[in-house]
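Below: the structure, in structure tokens.
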Amino acid sequence: MKSPAPAHMWNLVLFLPSLLAVLPTTTAEKNGIDIYSLTVDSRVSSRFAHTVVTSRVVNRADAVQEATFQVELPRKAFITNFSMIIDGVTYPGVVKEKAEAQKQYSAAVGRGESAGIVKTTGRQTEKFEVSVNVAPGSKITFELIYQELLQRRLGMYELLLKVRPQQLVKHLQMDIYIFEPQGISILETESTFMTPELANALTTSQNKTKAHIRFKPTLSQQQKSQSEQDTVLNGDFIVRYDVNRSDSGGSIQIEEGYFVHHFAPENLPTMSKNVIFVIDKSGSMSGKKIQQTREALVKILKDLSPQDQFNLIEFSGEANQWKQSLVQATEENLNKAVNYASRIRAHGGTNINNAVLLAVELLDRSNQAELLPSKSVSLIILLTDGDPTVGETNPTIIQNNVREAINGQYSLFCLGFGFDVNYPFLEKMALDNGGLARRIYEDSDSALQLQDFYHEVANPLLSSVAFEYPSDAVEEVTRYKFQHHFKGSEMVVAGKLQDQGPDVLLAKVSGQMHMQNITFQTEASVAQQEKEFKSPKYIFHNFMERLWALLTIQQQLEQRISASGAELEALEAQVLNLSLKYNFVTPLTHMVVTKPEGQEQFQVAEKPVEVGDGMQRLPLAAQAHPFRPPVRGSKLMTVLKGSRSQIPRLGDAVRASRQYIPPGFPGPPGPPGFPAPPGPPGFPAPPGPPLASGSDFSLQPSYERMLSLPSVAAQYPADPHLVVTEKSKESTIPEESPNPDHPQVPTITLPLPGSSVDQLCVDILHSEKPMKLFVDPSQGLEVTGKYENTGFSWLEVTIQKPHLQVHATPERLVVTRGRKNTEYKWKKTLFSVLPGLKMTMNMMGLLQLSGPDKVTIGLLSLDDPQRGLMLLLNDTQHFSNNVKGELGQFYRDIVWEPPVEPDNTKRTVKVQGVDYLATRELKLSYQEGFPGAEISCWTVEI
């Protein structure tokens with residue numbers, strides 16, 4: 001047989017909680033493997049996502065080439081089908097019981113074949129990989145199908161695609177169809193690779209219950225330039241949405257004899273919390289970890305409600321409490337707690353047992369003394385980065401101690417910081433005690449991850465929630481009791497309708513809320529609901545049954561973590577039966593992929609599970625070097641076909657050091673820190689529907705469907721009195737070149753609509769405190785910043801509708817949408833379409849916020865941290881007459897006096913009763929980005 005040419009890999013990675021697709025490949029001209037068609041079809045119905053990825057490749061080389069197909073999945077997504085079509089012959093993947101598949105796997109390994117499918121994990125992801133040799137001129141079609149129930153987090157559902165084909169693809173198309181009978185309340189898209197040309201390939205259509213998003217770029221739109229054959233498709237494509245909700249008992253949807261019940265009441269008062277933060281300050285937390293923990297804890301403390309009670313416990317070898325009992329979240333107590341948290345230093349061992357038991361003891365004492373408010377929610381939030389090393393170190397004994405101490409009274413949430421944390425230990429301890437575990441990835445955004453987790457549990461609305469259905473109507477119902485419901489999340493119950501059940505399904509949801517018990521009721525007509533799901537365009541039929549099966553499997557796998565003996569055996573038998581019946585790859589099943597004769601005959605896909613060292617377990621023949629989870633937007637590691645050598649796993653030595661960094665991976669990047677801005681006074685309720693509903697459903701460009709923003713009423717203090725001095729020749733503003741005649745860069749250039757002057761430039765001489773630069777209640781806009789020496793050390797833009805905040809430093813951008821924080825790096829392309837607002841960033845580092853009838857705000861990073869940031873403005877004619885602020889005042893009825901003779905380079909400008917001296921000068925303007933342009937403007941100083 002002819003030997004294959006050097007291995008070539010093309011990757012397709014998809015992730016959906018999200019839906020993520022990464023498509024790295026090399027060009028056909030260099031390697032012969034050409035992707036001539038790539039399609040992604042994702043259909044979301046009732047939060048259940050069914051994704052089909054189809055890729056067609058051809059070998060245009062004169063020799064055999066190897067193509068490798070990779071798919072990266074979220075942990076909670078299940079592969080349900082995979083096939084390869086080679087020369088008209090279909091080679092399917094077959095789901096089998098784990099033991100049966102293992103026999104074929106072992107036999108293949110015995111023949112010297114690399115039968116395992118290589119998997120590594122990123123942030124909550126798993127990788128699926130299949131390789132196959134492709135003869136010259138031959139074509140091959142790969143098709144992968146996987147399914148997932150999207151979870152609502154911080155008020156939104158999210159689908160994410162990473163697109164990186166690394167070559168031009170003749171037919172590239174992504175279609176996302178969403179059907180939500182409740183009605184789509186908000187729809188957003190975001191991309192990190194979109195150019196103005198590619199934006200024309202994106203279309204979005206939406207009516208009351210349906211949305212269709214299509215991305216279909218031509219070859220020319222994919223090109224970096226006319227002279228280059230490289231593609232610009234290299235980044236993320238994200239869709240976020242939410243649905244309409246009523247104050248009733250939720251929404252019941254029925255299809256083909258199965259039902260799903262979604263319940264997420266929003267307009268309820270928040271229950272008071274009793275929360276204890278248990279913070280690991282052992283030696284392994286030193287450096288960046290403890291710095292980010294302090295930063296996050298300070299911001300979390302400031303988010304506590306006055307009705308909450310709290311305390312802090314820091315632990316290393318010993319556990320120390322901040323106060324002897326829980327204290328009210330008054331301004332005075334919060335300031336003291338912030339001061340205490342800011343001084344936490346890392347040293348010593350890790351005594352998890354004593355720390356958590358001390359937290360339980362504090363709650364018990366307050367409970368016995370009747371100091372905890374009636375119908376309040378008690379939470380313990382544990383943050384640690386490793387195994388227990390001091391005191392009780394046996395994980396099982398610690399879990400038993402904690403479970404017995406809590407005894408169902410409180411909820412424990414465990415946050416595992418870093419790659420080597422014993423996550424299964426924390427997960428079991430949390431699930432045993434009515435909470436959940438979350439891994440915090442060690443990266444530049446770790447503090448944001450901590451804040452986002454807290455925001456998920458910050459607003460409890462209900463506790464002791466129970467769903468109830470008539471016994472003659474339903475059977476085989478999934479979990480129907482929940483300890484808590486938090487604002488921004490959703491409870492989901494699914495089940496099967498009985499054959500001779502009633503025509504109307506009744507449901508009752510009961511729970512405890514602030515100061516009282518409450519019961520919700522809802523009903524659904526079986527016939528009417530069945531009719532809703534007859535549309536063939538948006539629905540993959542029989543999806544409700546698969547939704548029920550998937551949710552049942554996920555919940556039983558979660559129960560399996562805490563089960564033992566006969567209960568464990570029964571759960572595993574149920575999971576196995578459902579997995580085989582519905583063709584799901586789960587921890588108890590494998591998918592066996594066969595190949596053409598003459599190649600490796602078998603590859604086996606299995607669902608990875610976390611083991612005691614926190615790493616994902618891989619097939620023995622497929623273990624690879626440790627994988628450092630990528631930051632969103634960074635390029636995933638490429639694993640070549642020839643690199644499947646077995647590398648020892650990280651073991652006890654790694655965990656003992658607790659500061660180990662795998663060879664070849666630098667420590668997490670990031671600035672040494674950035675000034676913390678003052679928090680905003682608060683945010684309004686979530687915005688309403690972003691797009692007009694109607695009967696028309698034609699495809700229209702996304703940017704054409706943005707709506708203007710309504711007025712936002714607000715009260716702001718009067719403008720401060722500003723003192724103007726004549727411009728000094730020893731200006732502290734740096735020059736662009738050593739040439740003293742070169743134009744200087746002003747702090748900000750203010751385009752004045754309809755003004756007879758050229759332009760107005762404003763230099764800020766000194767600012768000890770953050771400045772309110774613009775406050776425009778009618779625009780729903782506020783811009784604040786801190787000016788230091790030669791530039792802004794930080795700038796913050798707050799927009800009321802849609803609710804958005806951008807906090808910028810020279811090192812990074814943090815965008816807060818609702819309660820979710822997302823980090824972006826400068827000079828990474830960004831294109832985000834929100835209701836009534838567009839947010840874009842180009843490769844030069846110019847971020848712009850724009851919208852119909854809105855002032856365009858630009859933020860520009862000047863590369864040099866000492867020079868800071870620049871604030872740019874356009875479309876200033878949209879400022880209202882109510883605009884205020886240090887710079888906003890220049891847009892309110894200013895009066896220019898005639899220039900002063902004899903050289904006409906000085907004049908007076910009157911602003912709000914104050915005279916300013918303006919000097920005519922040449923300046924370097926970055927209004928249009930780099931490299932800047934020389935302008936003549938009248939300069940004033942404040």
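Just so you know, glycine gets a Cβ as well, placed from its N, Cα and C.
Marked as coiled coil by Swiss-Prot: 552-586. Sequence annotations record features per position, and here Swiss-Prot assigns compositional bias 'Pro residues' to 663-690. Residues or ranges marked as disulfide bond by Swiss-Prot: CYS761-CYS937. Taken from Swiss-Prot, the feature domain 'VWFA' covers 274-457. Residues annotated as N-linked glycosylation site in Swiss-Prot: ASN81, ASN517, ASN577, ASN874. Annotation comment: Swiss-Prot describes THR732 as O-linked glycosylation site.
Across the fold, the C-alpha of ASN874 (N-linked glycosylation site) and the C-alpha of ASN577 (N-linked glycosylation site) stand 62 Å from each other. The most crowded of the glycosylation sites listed here (ASN81, ASN517, ASN577, ASN874) is ASN81, judged by how many other CB atoms sit within 10 Å of its own CB.
Per-residue confidence over the domain 'VWFA' (274-457) averages out at a pLDDT of 93.
Comparing CA positions across the recorded positions ASN81, ASN517, CYS761, CYS937, the one lying closest to ASN577 (N-linked glycosylation site) turns out to be ASN81. It is 61 Å from the Cα atom of ASN517 (N-linked glycosylation site) to that of CYS761 (disulfide bond). Counting only the Cα atoms, the space from CYS761 (disulfide bond) to ASN81 (N-linked glycosylation site) is about 62 angstrom.
In this structure, CYS937 is the one among the disulfide-bonded residues CYS761, CYS937 with the smallest number of other Cβ atoms inside 10 Å of its Cβ. Rounded to a whole number, the distance between the Cα atoms of ASN81 (N-linked glycosylation site) and CYS937 (disulfide bond) is 65 Å.
CYS937 (disulfide bond) falls within a strand segment according to DSSP.
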